[in-house]
Amino acid sequence: MKHFLFGLTIRLVLILYGEFHDKTFVVPFTDVDYKVFTDAARNVLMGASPYSRHTYRYSPLVAYVLTPNIFVHQAFGKILFSVLDLLMAHLIHRLMLKRNVSSQKAHLSALFWLYNPISVVISTRGNADTLSSLLVTATLLCLYAGKPAWAGIVHGLCIHMRLYPVVFSLPLYLSLSSGSRFSLVTASDRGKSNICDKSGSSSEGPLTKDGPSASNESSGLFVEFKRIFIPNKSQIKLVLGCSSALLLLTAAFYWLYGYHFLFESMIFHLVRKDIRHNFSVYFYLQYLSAGAVVSIWQRILMFVPQLFLLLALSVRYGRMVDLPFCLLAQTIVIVMYNPVITSQYFVWFLSLLPACIPMLDLTLKQAAFHSVVWIVAQLAWLLPAYWLEFRGEDTFVYIWLQGIAFFCANMTLLARLIEAYKPVQEVAKKPKVKSK
């Protein structure tokens with residue numbers, strides 16, 4: 001409890017400092033989107049659409065939740081996001097315990113998020129990405145608690161709030177598969193169950209000199225295919241929960257705000273361009289081709305590498321035991337291959353890192369080294385970006401080159417994480433699903 005109180009104190013102090021900073025310095029502490037949220041909330045209270053506020057490109061739920069910014073205090077949203085940040089640490093602790101990680105490691109994982117300077121700054125600046133990260137963690141917690149229907153509902157809400165979690169749908173689905181490739185049953189356990197059934201007799205059928213008969217082998221392949229590709233009860237609950245929540249929210253807000261809602265909250269993020277400056281390796285390409293028609297081949301070449309990696313990671317780590325790491329690796333890919341990258345996107349994968357730390361075979365020295373490289377690569381990008389934004393200097397090429405260096409640093413980090421990942425043998429079977 002003392003850590004939560006101390007974490008809350010740190011965040012409240014930063015919020016107070018932000019009020020002072022915004023009135024004193026040219027570069028504001030408060031996230032520019034927070035002002036957009038507040039204006040959209042004001043529109044809602046006036047009976048207007050939140051999308052009447054230019055550049056509001058989020059779910060209407062964000063504007064609804066932040067209406068107290070108008071009639072209570074303008075810092076209400078920052079305090080709310082900070083409280084959600086504390087709740088995030090609590091969910092991380094519960095998630096680790098559900099995964100049969102020791103209480104000490106679960107505690108340390110929660111503290112990693114609680115005192116993470118990036119998460120602290122993101123929430124106190126008034127950025128809403130804390131909410132989407134919280135929902136992703138809640139989805140995992142529901143799955144490990146054996147509640148696939150609730151996991152689907154939370155996942156659908158998460159996709160509604162932010163589009164990027166939609167790529168988690170495949171590994172979430174595969175993790176509930178009863179196929180041996182994706183189940184938690186170990187190879188030795190499967191071998192034992194294949195040798196003898198409950199009566200003690202062989203379950204493999206008649207043996208030949210080279211092993212099981214061809215008929216039993218083909219039958220086994222059919223059963224394996226059926227287990228993986230034909231949805232079981234848990235997978236159906238997950239899909240129905242997700243699709244129901246997502247369709248219901250989309251239909252309700254489309255009825256209220258029409259196509260304007262659909263474009264600003266969803267379609268815009270699929271076609272978004274930022275020709276000013278951002279971390280993406282595609283930034284300079286977009287800058288040079290601004291106003292030009294983008295060919296279909298260019299879009300394919302930009303999308304295919306990301307799609308291939310996401311599918312490969314889903315198949316490789318699409319098991320319940322590997323699920324948090326799968327989502328972490330996929331999020332790094334999503335962020336680094338995105339045509340537009342801003343600093344707030346980093347919280348997407350940093351929020352999944354605490355759940356994977358106990359499974360990473362890294363020394364403290366190695367972890368510190370990779371962290372320093374990642375931070376230095378980011379700071380190296382920020383220098384030419386500052387000269388462009390606040391000094392008006394033509395540093396576009398330097399920003400692009402630093403973006404490439406930052407991309408390489410992140411991909412190297414991902415490769416190192418994959419190499420260091422050692423999943424613990426959490427349970428021999430998947431968690432029991434509560435049936436009504």
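Quick reminder: no glycine exception, Cβ is built from N, Cα and C everywhere.
Per TrEMBL, the features are:
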type	residues	note
SIGNAL	1-20	signal peptide
TRANSMEM	70-92	transmembrane segment
REGION	195-217	region 'Disordered'
TRANSMEM	236-257	transmembrane segment
TRANSMEM	287-313	transmembrane segment
TRANSMEM	320-337	transmembrane segment
TRANSMEM	367-387	transmembrane segment
TRANSMEM	399-418	transmembrane segment
- Query: With the transmembrane segment (399-418) as the reference, which stretch in 70-92, 236-257, 287-313, 320-337 has the largest tally of C-beta pairs below 8 Å?
  - Reply: 320-337
- In the same chain, who gets a Cβ under 8 Å from the transmembrane segment (287-313) while lying at least 6 residues past its ends? 167, 170-171, 273, 275, 326, 329-330, 333-334, 337, 339, 396, 400
- Residue list, the signal peptide (1-20) vs rest of chain: Cβ under 8 Å, 6 or more residues beyond ends. 29-30, 75, 78-79, 82-83, 85-86, 89-90, 110-111, 114-115, 120-121, 123-125
- Query: Excluding the flanking five residues on each side, which residues at least 6 beyond the ends of the transmembrane segment (236-257) place their CB within less than 8 Å of a CB in that stretch?
  - Reply: 49-51, 59-60, 148-157, 159-160, 169, 172-173, 176, 265, 433
